[in-house]
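S.K.: Have a look at this one.
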Number of protein chains: 2
Amino acid sequence: MSWEEKVSEKRSQLRSKIPKEWLLEDEVLQFLKNEKKDLNKNLDSLCSKLENEITNSTILKLREKLLAQELTCFQIINAFCHRAALCHQIVNCLTEIMFQEAFQAARELDAKRPAILPPLYGIPISLKDQCNVEGVDTTMGYLGRAFKPKTKGEESLIVQHLREQGAVLYVKTTVPSSMMATDTASNTFGITLNGLNQNFSPGGSSGGEGALIACRGSLLGLGTDIGGSIRIPSSYHGLYGLKPTYGRVPYLRVDNSFQGRELIPSVIGPLARDLDDLRYFMSIIVNTCKPWIQDVNCVPYHFDFDRIESHKDYVVGFWYGDGVITPPPSDIRALKMCEAIVKATPGFKAVRWQPPTELHKELHDIAMKADIADAGVEIMSEFDASGEPLIDILKLMVLGEETPTCTVNEWWTLNKKAYAAKTAYREYYNKFAPEDKVDVIVGPITLTPFRPGDMLKTTLRYVLLVNVLNFPSLNVPVTTINRKLDTLMDTTKALSSEDTMVMDYWNKLIESDDVEGFPVSLQIMSPTYDDNIVCKFGSWLASQLAKSS
Amino acid sequence: MSWEEKVSEKRSQLRSKIPKEWLLEDEVLQFLKNEKKDLNKNLDSLCSKLENEITNSTILKLREKLLAQELTCFQIINAFCHRAALCHQIVNCLTEIMFQEAFQAARELDAKRPAILPPLYGIPISLKDQCNVEGVDTTMGYLGRAFKPKTKGEESLIVQHLREQGAVLYVKTTVPSSMMATDTASNTFGITLNGLNQNFSPGGSSGGEGALIACRGSLLGLGTDIGGSIRIPSSYHGLYGLKPTYGRVPYLRVDNSFQGRELIPSVIGPLARDLDDLRYFMSIIVNTCKPWIQDVNCVPYHFDFDRIESHKDYVVGFWYGDGVITPPPSDIRALKMCEAIVKATPGFKAVRWQPPTELHKELHDIAMKADIADAGVEIMSEFDASGEPLIDILKLMVLGEETPTCTVNEWWTLNKKAYAAKTAYREYYNKFAPEDKVDVIVGPITLTPFRPGDMLKTTLRYVLLVNVLNFPSLNVPVTTINRKLDTLMDTTKALSSEDTMVMDYWNKLIESDDVEGFPVSLQIMSPTYDDNIVCKFGSWLASQLAKSS
């Protein structure tokens, strides 16, 4: 069978899992594809009132209804399966559909309702196509991994945890082959579109998750982040996305690229529409599941979530730029909004966070070297396994046979450099007076949206260094692009040729009206490796932003 | 200058730092070298009553005397400098002598006695020749690193912590070149002998520390452990030696081989004669110094030390062998002594700890592969830097130019294997019923002493796997070799050719009477990565052993 035939077989296998009555007729399909910024509104009109109430709710609210027996698990699961099926037909965000298994699981949960409902009882959780689920593939966007359903024993520990806590698994979501890209495309599944604006990329590598959750086909899903892969799709869909510190959420038996590459480890974490949902989920996975009992790479460290919470007087570092790439007006505006809120809060303090430009360059250089350390050997072996051709967005990762891979000594030297750079960043933090020591840093993340295929016309600098530093980072939606306020950039002020490229791309975007209203997000990081404080401050900031808007 | 000339210059530089009045005359020197098992007794006769009281004390007792002003810092420092100078002339355990700086520091501490004495006020701490101290070399046993005194800015974080807490630095101690050996020899400093029995090796790589502390030239010193280097010299000198889990004691700016090799990381920790001293020291370094503020590789995790402590009902796993190498009669006897004590204690429980032999083999194989991953490139470059010849004990580490170094992909694969093996070991632990889940494991460590040069005639299997697993491990002296009880081994029962070799070596030792009374130690490990519980249980076990002897 040719690779093209294998692809069409996989695609029809996927499509065959959508119930007939949920398949869209061509003219409806075309209509939904043309109305590029109104998908949610249009999907609402295709779903029942109850379904819309459910998919527009939160995990915590649905749990209340489940506890009060005002909803059944089946009603909830059915609503999300329907919504996921519909939005997938437009934005192409799914790789595996497990509706029948989900219906069955939901019916069983309803039939055998326990006296005490487990914390995720009846809650649908979507999974990036790296998590192993019994009976379905984990392709990571590689055709060579298709048609190799995972066994029970291969199930990811996180998947086992989710089942134990009563969650229902129903879909797996698209990724770029290898996950080493921020656009979401593969030969096997094609291109995924942004769920809020089909003219744009969903970002990646957890692009399918971002699109699905933005379209309300899921409340919370699991992504992974080795270079922004949770935060970028969150940013492009106005979602909350947490890149935890290493070892918070178990990676055991989750497939990945570059496994065993401990420098800049990939971490797994949640994307969600609601931040309380995200924090609730994290507290369950950490405190209830205690993943460190089975995963030796997990740390036995508590994750607090208290819905009625008091806040300390935060010292907040505001990061207006790395000295290499100038954040666009939308980010500056978002940063000033947040800074104004902090400054207006008695007891809180805003300080300027401005590590040396050279250190930013060094951290970026380390990330770049780590990503091409094997010159693309692993990625090519995956493509060669099926004969599928290398995709364009990965061509920078594959240096060809004439380029030697790193020796182990070169690799250890890179690790030493990373330790030195992290230490230097730490020294910058330690130089502040005690009263000015920041609890969190608020900074830019994606800078500009991009159209499918334009991945390389923007920058990853503001996401990558956080992976090298292993800081927890939460993507927080702050505002949306407003072409009256977010004007053209003056390229004569560019700091570098890379800066010019990003400015040019921004200026082209701003000249076209379809970027109006696109989400503008910032990331909240903690130099103290404290996931709790990042999320806690995020909740406070989100509530203040809601008040001020 | 030839490398031999450089060597003699370094050695005379070292000798010149010993005050004339502390230099031993030839016949005394010869007498002390001939009386191979009585060094401490003989050194006592060369020191004053007060000096012997001081060097025979503990950190905690000396602190009481300092608090009561019954001793001065100078008296303490002078006593240890004298003792160190004397024992060094016999066992050759020092690489740097900083007596003048130490006297100066002690005088200043006495002159400016603070109202509240810092926790290590006036306490001498010896340092393995990896720690950077301003004004002196860090050679790691390499001639090419000699005559390059470190600057203030290069000082190891741990050295800065020690100074801040009032400790006095006075000596640095010998290591085998590269520290990747368990005998202690280098071209620059020659061979170090065991402090309790000069017919034997001190072990390594913290061999100088072991010998110095055993000869009461130090109460507590810092070693490092990447494959037993803290525990082995502790075992061979009847000392307590803690290999902490990674990130407990700061490694920042401590020189090392294979820096950036995160698989099986080297860890830094204390060797001491008194376990309360060791625990006190750890609690100061962790709780008071908070090393994670400056060292991004350190974990913000408390280390408890309570001198009046209550003990939980421990479940203790007794590990009688890995299925590859048979522990000698001395170890079996030591294990049975400990097991009997546990079984005789109401509420405590002894279980058999017996992971699969294949898993032990896999863990050992991973450690071996990691050690030769670069085929010796780094080690040879260090020898070539000065033109000194490669030393015999390292020949196994240097595979020659025809052997290629690991590629980064092979290295990542080895990391994956290590994660899988650690997970399998964890699964073995998780299979026990809750009431049988072990808090600690008690097992063999060095199996047999060895004579200088015989390093490869014994085994490292019982130490190496603990480094792969990243468990905390405490060496605890349990008994001494008793040739009436510890008889010949039946080589016909050997499990492997390697086992035969170790048995043969044991049998040869037992046939010679100079092994009588050599320390027999066991290691206490925790599968829960809990350094506290390892030390706490160690204290309890040591007190029970003291009672029963």
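Just so you know, glycine gets a Cβ as well, placed from its N, Cα and C.
Taken from TrEMBL, the feature coiled coil applies to A:29-56. Here TrEMBL flags A:76-534 as domain 'Amidase'. Sequence annotations record features per position, and here TrEMBL assigns active site, charge relay system to A:Lys128, A:Ser205. Sequence annotations record features per position, and here TrEMBL assigns substrate binding site to A:Met179, A:Ser205, A:Ile226, A:Gly227, A:Gly228, A:Ser229. Positions annotated as active site, acyl-ester intermediate by TrEMBL: A:Ser229.
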S.K.: If the substrate site is taken as the center of the Cβ atoms of A:Met179, A:Ser205, A:Ile226, A:Gly227, A:Gly228, A:Ser229, which further residues of that chain fall within 8 Å of it by their Cβ?
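M.R.: What remains near the Cβ centre is A:Met180, A:Ala181, A:Thr182, A:Gly204, A:Ser206, A:Thr224, A:Asp225, A:Ile230, A:Ile232, A:Ser266.
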S.K.: Which has the fewest other CB atoms in a 10 Å radius around its CB: A:Met179, A:Ile226, the listed binding-site residues?
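M.R.: Each of the binding-site residues A:Met179, A:Ile226 was scored by Cβ atoms within 10 Å; lowest is A:Ile226.
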S.K.: Can you name the recorded positions among A:Lys128, A:Met179, A:Ile226, A:Gly228, A:Ser229 whose Cβ is less than 8 Å from some Cβ in chain B?
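M.R.: Among the recorded positions A:Lys128, A:Met179, A:Ile226, A:Gly228, A:Ser229, not one has a Cβ sitting under 8 Å from a Cβ of chain B.
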S.K.: Work out how many Å separate A:Ser205 (substrate binding site) and A:Lys128 (active site, charge relay system) at their Cα atoms, rounded off.
M.R.: 9
S.K.: If we check Cα distances from A:Lys128 (active site, charge relay system), which of the binding-site residues A:Ile226, A:Gly227, A:Ser229 wins as closest?
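M.R.: Closest candidate to A:Lys128 (active site, charge relay system), judged by Cα separation, is A:Ser229.
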S.K.: What are the non-local neighbours of A:Gly228 (substrate binding site), defined as same-chain residues 6+ apart in sequence with CB under 8 A from its CB?
M.R.: A:Thr182, A:Gly203, A:Lys243, A:Ile445, A:Thr446, A:Leu460, A:Val463, A:Leu464, A:Val466, A:Asn467
S.K.: Going by DSSP, give the three-state secondary structure for A:Met179 (substrate binding site).
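M.R.: DSSP assigns A:Met179 (substrate binding site) to helix.
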S.K.: Going along the chain, which residues six or more apart from A:Gly227 (substrate binding site) have their CB under 8 A from its CB?
M.R.: A:Met180, A:Thr182, A:Ile264, A:Ala367, A:Asp371, A:Leu460, A:Val463, A:Leu464, A:Asn467
S.K.: Under 8 Å Cβ-Cβ from A:Ser229 (substrate binding site), six or more apart in the same chain: what's there?
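M.R.: Those within reach of A:Ser229 (substrate binding site), by Cβ under 8 Å and sequence separation of 6 or more, are A:Met179, A:Thr182, A:Gly204, A:Ser205, A:Ser206, A:Gly223, A:Ser266.
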S.K.: Mind computing the max CA-CA distance among A:Met179, A:Ser205, A:Ile226, A:Gly227, A:Gly228, A:Ser229, which the record assigns to substrate binding, rounded to whole Å?
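M.R.: About 11 Å separates the two most distant Cα atoms.
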S.K.: Can you see whether DSSP assigns A:Ser229 (substrate binding site) to helix, strand or coil?
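M.R.: Reduced to three states, the DSSP call for A:Ser229 (substrate binding site) is coil.
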